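Copied from TrEMBL, the annotated features are:
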| type | residues | note |
| --- | --- | --- |
| COMPBIAS | 289-300 | compositional bias 'Acidic residues' |
| COMPBIAS | 312-323 | compositional bias 'Basic and acidic residues' |
| DOMAIN | 114-242 | domain 'TFIID subunit TAF5 NTD2' |
| REGION | 289-341 | region 'Disordered' |
| REPEAT | 371-412 | repeat 'WD' |
| REPEAT | 444-479 | repeat 'WD' |
| REPEAT | 486-517 | repeat 'WD' |
| REPEAT | 528-569 | repeat 'WD' |
| REPEAT | 570-603 | repeat 'WD' |
| REPEAT | 612-644 | repeat 'WD' |
Amino acid sequence: DRQTLVAVLQFLRRSNLRESEEILRREARLLGDDLGAAALSPAGAGLLGAPGGDADSAGGEALLSRVTAAAAIAIGGSAATLLLYANAFAVGGGVVVEDQPDVSAVLSAYNQQGDPTLYEEYYSGLKHFIECSLDCHRAELSQLFYPLFVHMYLELVYNQHESEAKSFFERFHGDQECYYQDDLRVLSSLTKKEHMKGNETMLDFRTSKFVLRISRDSYQLLKRHLQEKQNNQIWNIVQEHLYIDIFDGMPRSKQQIDAMVGSLAGEAKREANKAKVFFGLLKEPEFDVPLDDEDEEGENEEGKPKKKKPKKDSVGSKSKKQDPNAPPQNRIPLPELKDSDKLDKVMNMKEAARRVRLGPECLPSICFYTFLNAYQGLTAVDITDDSSMIVGGFADSTVRVWSVTPKKLRSVKTAADLSLIDKESDDVLERIMDEKTASELKILYGHSGPVYGTSFSPDRNYLLSCSEDGTVRLWSLQTFTCLVGYKGHNYPVWDTQFSPYGYYFVSGGHDRVARLWATDHYQPLRIFAGHLADVTCTRFHPNSNYIATGSADRTIRLWDVLNGNCVRIFTGHKGPIHSLAFSPNGRFLATGATDGRVLLWDIGHGLMVGELKGHTDTIYALRFSRDGEILASGSMDNTVRLWDAVKAFEDLETDDFTTATGHINLPENSQDLLLGTYMTKSTPVVHLHFTRRNLLLAAGAYSSQ
């Protein structure tokens, strides 16, 4: 309530804690000046107690002293928590005062530094305490080692105790988990205060709170220890820089913790994955197919049409029922279907009728496109949905498009020639193409740096490419010329992808944000900011309402296209994320990273539901088969692996255990899900694609070493 707020603010101002005061004001949504004035001017004294006379100041003082006492016991370190405690005590009247460290010491972490020579002693004391604690608490409390190590080191460097910092680093850096090695390498190069100014890793570490998920019992144990030892330096850091997400229940085991930690800012807060996500698919528009089908089926042998008919109906009926988890049809505006799109959908349905049902007993054939003599350096590949064209992005800044079918690539005729064509003729679409331009390969020039991402539009009329030069370019596949250069990123753009419905596309880059664009706007429609390092890969959800981004901060985020909010944060990878794939039903997400693991996520519940181990190098390609029975992964270790997706996702139990840990019981080994491993001679796999009939296409550039 307002009264308590004023008291807390006044207390913070008296203690000269401007930053905390600001934070509290922001969190309480009070623009402080009027409030501050009211609280601090004699006229406003009435706010602080019973109305009238001397009781005012007395009431105010009483409340203030209560707040002061309460402040001592505030945990979690943010002013908001302070407020919570203040509220609790203000309402409850009396205060039970625990053994508290000195209030001012707890709150003045901003301006007071401990004795630099004692840092090693503090840290080793805590280390000794944690290593000697019970097994059930040890694993959880060990999570503190890394963030405390970094902050204590930074504090020493920041306060220019360089020799102490060096000896602190040398003594303890070997104790940290192996997956933090890269971060520690960056850290070890920061030895002077000046180094910290422009260094992004450090800015992140100082500004974003490192999240630890710890059970209440373990937390109480830690708190008691630090308060008994009067170990204010560590306590201050815990409060200032860590966010401790406390849960009720059994402490987690080492395996459970290891599955989820490893990102730049610790784990995700449990709140981060609570928002509702509409992961269902949109209803397919209905249009009449049958006539066309009858013709085609008449041509086949007599027995066939009867078999196919029921199947065709099931495809139709499945899309007619609205998925209960689907977003409203008009939640985001999607482009109208053109006649050509409808024809394509009809083709797609026909192909689907002949699709091979995959499974452990029936694995797909794999057709591998090897780029030979790609001395330009192949950096990106994409294949059209109907598998008719393949595009390569190269380090020499070219984009090369090949036809994979006997049909050659042709450009539209010049304007003068087009004016001579009879617009009414049936084959007008054929006539506008210039036979003289027919070739198997078209090279598109325009970028001024390596091309890191390529994406065909669903209707195959356009192609996107993004580059180190900071632009995303839209190319016409009718004229093979560049139509637009989208400038928004100031640094290299690592990935881009068209929405499954066309029109929208997403890009992500070194500037740590992903941007949502529409082809006819030269400014982005949404900017998704939140990652702490480069956005390395981007993917649209099949219903186009969400976008997944993978980052070098070792997290995956799911963003809502409608309002730009981050609705999921997935942590667990131990290296930058390089591939993402949504299951065809929209319920699951598979992610691959430099740690060689494929992790599987349930989007609705926000849980990790699987871990596929087997690759020995970065996973650059992931793709689900058309019906979602099989997940294919391609890696720099020159292999394609096939995994049983049905088995991986069946009977998922989401019980209390999962809500506390953030993942289901992960089996120790994932070999029973591995259906096959296919080696190439010496070709890292850069891209995978299932054709409409479930033939798996893979692509990569042969490397001679």
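Think of each number as a place in line: the chain as shown, counted from 1.
Even glycines carry a Cβ here, placed using N, Cα and C.
Caution: TrEMBL annotation is automatic and unverified by curators.
A Cβ distance under 8 Å defines the sequence-distant neighbours of the repeat 'WD' (612-644), meaning residues of its chain 6+ beyond its ends; these are 352, 355, 357-360, 363-364, 366, 368, 575, 578-585, 590-594, 596-600, 669-671, 673-690, 692, 694, 696, 698, 700.
The average pLDDT computed over the domain 'TFIID subunit TAF5 NTD2' (114-242) stands at 82. The stretch from 444-479, 486-517, 528-569, 570-603 that makes the most Cβ contacts under 8 Å with the repeat 'WD' (371-412) is 444-479. Note: the repeat 'WD' (444-479) comprises 0 helix, 19 strand, 17 coil (DSSP; helix = H, G, I, strand = E, B).
Broken down with DSSP, the domain 'TFIID subunit TAF5 NTD2' (114-242) shows 102 helix, 7 strand, 20 coil. Taking Cβ pairs closer than 8 Å, the repeat 'WD' (444-479) reaches residues 338, 340-341, 344, 377, 379-386, 388-389, 391-401, 409, 411-412, 485-498, 500-502, 505, 507, 509, 517, 519 in its own chain, all 6 or more past its ends. Broken down by DSSP into helix, strand and coil, the repeat 'WD' (371-412) contains 0 helix, 20 strand, 22 coil.
In terms of DSSP helix, strand and coil, the repeat 'WD' (570-603) has 0 helix, 20 strand, 14 coil. In the repeat 'WD' (612-644), helix, strand and coil residues by DSSP number 0 helix, 20 strand, 13 coil. Helix, strand and coil residue tallies for the repeat 'WD' (528-569), in that order: 0 helix, 24 strand, 18 coil [DSSP].
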